[in-house]
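Peer 1: Have a look at this one.
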Amino acid sequence: MQVHRDTRAGLLLPWRWVALCLMSLLHLNNLTSATTETSTQGISPSVPTNESVEENITSSIPGSTSHYLIYQDSSKTTPAISETMVNFTVTSGIPSGSGTPHTFSQPQTSPTGILPTTSDSISTSEMTWKSSLPSINVSDYSPNNSSFEMTSPTEPYAYTSSSAPSAIKGEIKCSGIREVRLAQGICLELSEASSCEEFKKEKGEDLIQILCEKEEAEADAGASVCSLLLAQSEVRPECLLMVLANSTELPSKLQLMEKHQSDLRKLGIQSFNKQDIGSHQSYSRKTLIALVTSGVLLAILGTTGYFLMNRRSWSPTGERLGEDPYYTENGGGQGYSSGPGASPETQGKANVTRGAQENGTGQATSRNGHSARQHVVADTEL
């Protein structure tokens, strides 16, 4: 009986060892530890199987342990997908205060792809894979709390080139032709009529680059910024008058324009010459009528005054100045005349009377200072 028990115990001992080994192998299959490694793998088409595989990847970091679990179902068919490398920066929270980051790479799938799956009991479905950001920084790691900071791998930068020529700074001002106080300017003959504002908007910058070449050198020495004054002609719409602040600059400006004549033609300026600003000012019809009317009135007033000054003046009573009232009373200024049949004596008496009147008295000489009217004695008998 004792022999039978020993024999049975001897048979059961190997089975116990076998069961212990199987349990150890099963435990080893479930837990696999690995250090930080960099791998690049490609997922190739797999053959459907009836088992599901669980991969447990453990990264060993001093002071902390992270587990990355990836579940795969072997019954699903996945096509080949290329993978990209993603850098993980992990800073362990070791109490010693060392902040040395640990960097490792984890393969991730490329941008979003749709994978069909097949199964006996599950209908066809779609699985979406999303790629993570190119760079992930993991900081402030602790066993109980972990925070993730996501940053962009590239930063914008500015590129400047010092070899490019700097543009000439200047300005163009538009003014009315009547507001210009200078006498002369340069007429820019345009190929087609255009206002000053339109020309400034379309071709102003190019004109500054051409005409402000000399002024730019002076500006570097401390002078003011180049400024051009343009005025629209009222007589010729296709003419833009360029007015300069100093009339002595006209010859030098004309020489500069002749030097860049080909460039000016590209801007639509056919020709240019020096002209008087007053000739481009138009006068309205009302102004012309007012001037003519004023001239006619002045002529009429002048003629009337001339005739009034040459006319002989008369007294208020209507008598001529210089006539003797007594002479008018006694004879009315009429002389004595004798008829054809008058006698010589009568003519002599008339002459005596006329002589007395011409003396201014018209009276005969009186005695004792008294004047008496002369009595005429008739020669004929009554």
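FYI, residue positions are counted from 1 along the chain as it appears here.
Using the three backbone atoms N, Cα and C, a Cβ is placed for every residue, glycine included.
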Peer 1: Transmembrane segment per Swiss-Prot: which of the ranges 225-245, 288-308 is that?
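Peer 2: Of 225-245, 288-308, Swiss-Prot gives transmembrane segment for 288-308.
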Peer 1: So one of Ser315, Ser343 should carry the feature phosphoserine according to Swiss-Prot; which one?
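Peer 2: Record lookup in Swiss-Prot returns phosphoserine for Ser343.
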Peer 1: According to Swiss-Prot, one residue in Asn145, Asn351 is annotated as N-linked glycosylation site; name it.
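Peer 2: Among Asn145, Asn351, the residue Swiss-Prot annotates as N-linked glycosylation site is Asn145.
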Peer 1: Which one of Asn50, Asn359 gets the tag N-linked glycosylation site in Swiss-Prot?
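Peer 2: Record lookup, Swiss-Prot, feature N-linked glycosylation site, residue Asn50.
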Peer 1: Looking at the topological domain 'Extracellular' (35-287) alone, can you tell me the average pLDDT?
Peer 2: 60
Peer 1: Using a 10 Å radius around its CB, how many other CB atoms surround Asn246 (N-linked glycosylation site)?
Peer 2: 7
